[in-house]
């Protein structure tokens with residue numbers, strides 16, 4: 001509009017061709033604005049509908065019973081599988097349980113396309129994703145695009161296209177001001193001094209230079225991991241899945257020091273199991289404001305109806321369990337495997 005106003009003058013008539021050109025440009029901008037507005041409104045309506053569906057699902061908690069709880073578990077599993085990159089398994093589970101509308105499936109399917117392209121050593125789709133979300137990524141101070149450009153430089157050096165690598169560096173690294181990124185650029189530029197010979201057995205570390213790390217194939221895996229993290233930050237999703245948080249809360253509520261004593265482990269305790277024992281290692285122990293004695297054999301509480309009895313070897317069990325496992329008046333301690341006469345067991349009094 002300012003360009004059109006500049007053509008106006010009280011004594012000068014604007015050329016018709018120039019005026020048509022300016023009006024055409026204005027119409028194109030208005031059409032682009034209309035299209036972007038329509039896309040934005042459609043996205044907001046879709047997000048509002050998704051929120052409404054999920055709220056309706058949560059309202060069914062009281063009347064849902066076991067079926068609702070099973071759906072909740074399946075939803076947690078779908079989200080966890082999507083975060084871990086098992087997209088096919090997650091899609092099948094979501095379809096079987098009818099949970100596609102209650103998960104961020106579409107969001108992670110876009111992630112799958114980008115991850116597949118990175119796995120095939122192609123940065124184009126990830127760079128396009130960075131361009132589409134450029135303003136948001138800048139607010140998050142993301143370094144993903146810089147890492148992608150850096151990897152492109154590395155690949156050019158790997159193919160011995162050094163002149164093209166220098167041009168690439170001038171185009172994408174010339175305007176950098178961040179000191180950390182400048183230091184990384186200096187390190188990656190030192191690859192130009194490496195010899196052009198291929199590494200022995202395909203392993204760059206055998207060349208005897210610490211810069212082999214920049215040429216390692218594992219850098220592509222790091223780019224995939226960084227993309228996943230940036231996507232979670234972009235959409236304000238937590239770094240841990242709901243399944244992980246729920247599992248950690250449950251393990252912490254059951255964890256005791258005995259879970260890490262080989263002689264004290266309980267086969268019925270989830271934390272004592274081999275699969276979950278390592279996962280719970282870094283979690284806090286359960287906080288019990290009021291302790292309760294339980295028989296190790298039967299799992300029943302020790303009280304006035306089930307008196308605690310101590311065997312001569314010092315292990316304590318419930319009276320009911322000892323009488324149930326006794327054979328001809330003798331009991332075998334399940335931990336020490338020692339055999340005693342049941343009459344040798346003495347009552348324990350807890351103060």
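Using the three backbone atoms N, Cα and C, a Cβ is placed for every residue, glycine included.
Caution: TrEMBL annotation is automatic and unverified by curators.
Here is what TrEMBL says about this protein:
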DOMAIN    112-164  domain 'CTLH'
ZN_FING   269-336  zinc finger
DOMAIN    269-336  domain 'RING-Gid-type'
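Counting residues per DSSP class in helix, strand and coil order gives 41 helix, 0 strand, 12 coil for the domain 'CTLH' (112-164). Sorting the zinc finger (269-336) by DSSP state (H, G, I as helix; E, B as strand; all else coil) yields 11 helix, 14 strand, 43 coil.
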